[in-house]
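Record features, source TrEMBL:
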DOMAIN    8-376  domain 'THIF-type NAD/FAD binding fold'
BINDING   CYS119, CYS122, CYS396, CYS399  Zn(2+) binding site
CROSSLNK  LYS125  SUMO1 cross-link
ACT_SITE  CYS134  active site, glycyl thioester intermediate
CROSSLNK  LYS151  SUMO cross-link
REGION    164-194  region 'Disordered'
CROSSLNK  LYS197  SUMO1 cross-link
CROSSLNK  LYS218  SUMO cross-link
CROSSLNK  LYS375  SUMO1 cross-link
REGION    503-602  region 'Disordered'
DOMAIN    504-597  domain 'SUMO-activating enzyme subunit 2 C-terminal'
COMPBIAS  541-554  compositional bias 'Acidic residues'
CROSSLNK  LYS583  SUMO cross-link
COMPBIAS  591-602  compositional bias 'Acidic residues'
Amino acid sequence: MLAKFGEIDLDTIDVSNLNRQFLFQKKHVGKSKAQVAKESVLQFCPTANIKAYHDSIMNPDYNVEFFRNFMLVMNALDNRAARNHVNRMCLAADIPLIESGTAGYLGQVTVIKKGLTECYECQPKPTQKTFPGCTIRNTPSEPIHCIVWAKYLFNQLFGEEDADQEVSPDTADPELSWNPADTEARATASDQDGDIKRVSTKDWARSTGYDSVKLFNKLFKDDIQYLLTMDKLWKKRKAPLPLDWLELQKLACPQEVTGTGLKDQHVLGVAGYSQLFSRSVETLRSMLADKGDGAELVWDKDDPAAMDFVTAAANLRMHIFSMNMKSRFDIKSMAGNIIPAIATTNAVIAGLIVLEALKILSGDVEQCRTIFLNKQPNPRKKLLVPCALDPPSANCYVCASKPEVTVKLNVNKTLVLALQDKILKEKFGMVAPDVQIEDGKGTILISSEEGETEANNSKFLSDFGIRNGSRLQVDDFLQDYTLLVNVIHCEELEKDVEFEVVGDAPDKAPTPPSSQEEQKNFANGNKDSAEPSTSSNAPAEQDDVLIVDSDEEPSSSTMDVSTESGGLKRKLHDAETGEASAKRQRLDQATADDDDDIIALD
């Protein structure tokens, strides 16, 4: 039987996508990734049966029954929310899932199978530190988003330009339209034939002589006013407030500061940061001119002018989006490095995904492995290191037979809306939760039906009789997921902490007993001399594959690796330190080291 494939991707092709994969060309800019990928594959494999979906995997149309149409699912996602969702859908449908991720030269592939392996959420993940481009450019909600934007701006004006680091409003933001034609039209408004004819940010700045006032008004007034025309973005968000240079200069105290201690720990007023922006632009312009034509500046957090520029630009953007501004000290501590996407790494991981898929299609799920791609050879001189798959965690609140969690909060201060958005959706990854109080009456606290319980949102949990020891039955019918939430009332939570999940799994898994025996070595593909399986365990008619790709918003044991090809837990060998971790059994008898979290910004 001819295998059938489905590919789901909401995103459109941007210039920055051209240097990290092999299916898209310059003429495809602005078009649907799923559709172009299908067309490109059909050119070298005309007999393939592929259906492209230009849509979000979170769309309710893709329910459990939809997932059951496929024999396996391959993830190529870049955010945790979508990963959690697909993980739960595959568990509910009992379909194998191949997870993957890359970050620079590092990569990982693993297989998730209900009842056989850990699921994606069995181990705790570090705080989400990946930021989709549309969040950075259009809808920042945290100071770090503004700091990343300011660093991008530095490179676009004075350093090496990178299409990944565009700072202008994103007209192809998926939130603006669910219509593929509309999305494509927005993305190709100035590039009808796919050619790139836009004037770069640096070229525009040069044409103005790096005029700081013109730069200010473009970045903090004109671009913000343009964002306001994207009215769909502000239906559930507070709209940004544009700044005007002349109006700010009329303020009486431009150097007003808050905070005590060292100068770097002061926070200036918005007028003060406008002046700092102007002075830093003048300084950087002079530094660039001194280097000669075609020269570029390199971002360095220890360069005073560069740090002044990022501090000023980030704080002005924070003010525009109604965030509390940060001191120079805080911004310097938050500014980090960005790991690039590398086409060869993506290609290697894609190949490993296919090898694991072949095992599943042959009915040999038990032979699947987690495979790490390291930057440098391990002591056995291997870059690719296979590991045994871990069994499910008994404490997982997703794949346990009866998922249950305990949440500590103040019932007198926690709103129903906070329970829904911050706890159930953000923390526990639900999409459309329904909540019933186990009070003997079956009181419905939250309904996924629009408007049905909206009046409850502004009330506190205590208003519904919820107190210490109360139990909430939470159902997400889209994910076919049920969670029992035990409530502990606490009036002594730490400052700025709204809730705590009691009994979260530890950040690092315990060391397994030393008596564990090493397993037999296997190659990175199927077993040696393996033939296609005729096992009765393999479905006779179900031969479909679903590929899920996404650049939606805002990385198997302790770490998320998150770029456009995805984020996944991992323990990597560190060739420089040589330290070891016994988390997994290495099939090649090499040890795995604990690495720092690898963060990539997309």
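Positions of Cβ are set from backbone N, Cα and C atoms, glycine also.
Computed from a predicted structure; not experimentally measured.
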Number of Cβ atoms other than its own within 10 Å, given for CYS119 (Zn(2+) binding site): 24
When distances run from the Cα of LYS151 (SUMO cross-link) to each of the recorded positions CYS119, CYS134, CYS399, the nearest one: CYS134
Neighbour count (Cβ, 10 Å) for CYS122 (Zn(2+) binding site): 25
Integer Cα-Cα distance in angstrom, CYS122 (Zn(2+) binding site) to CYS134 (active site, glycyl thioester intermediate): 29
Additional residues around Zn(2+), ordered along the sequence, whose Cβ is within 8 Å of the centroid of CYS119, CYS122, CYS396, CYS399: LEU91, GLU118, TYR120, GLU121, PRO392, SER393, VAL398, ALA400
Neighbour-count leader, CB within 10 A, recorded sites: LYS125, LYS151, LYS218, LYS375: LYS151
Residue from CYS119, LYS125, CYS134, CYS396 whose C-alpha is spatially nearest that of LYS375 (SUMO1 cross-link), among the recorded positions: LYS125
Between CYS134 (active site, glycyl thioester intermediate) and LYS125 (SUMO1 cross-link): CA-CA distance (Å): 23
Of the recorded positions listed as CYS119, LYS218, CYS396, CYS399, the one whose CA lies nearest the CA of the residue listed as 'active site, glycyl thioester intermediate': LYS218
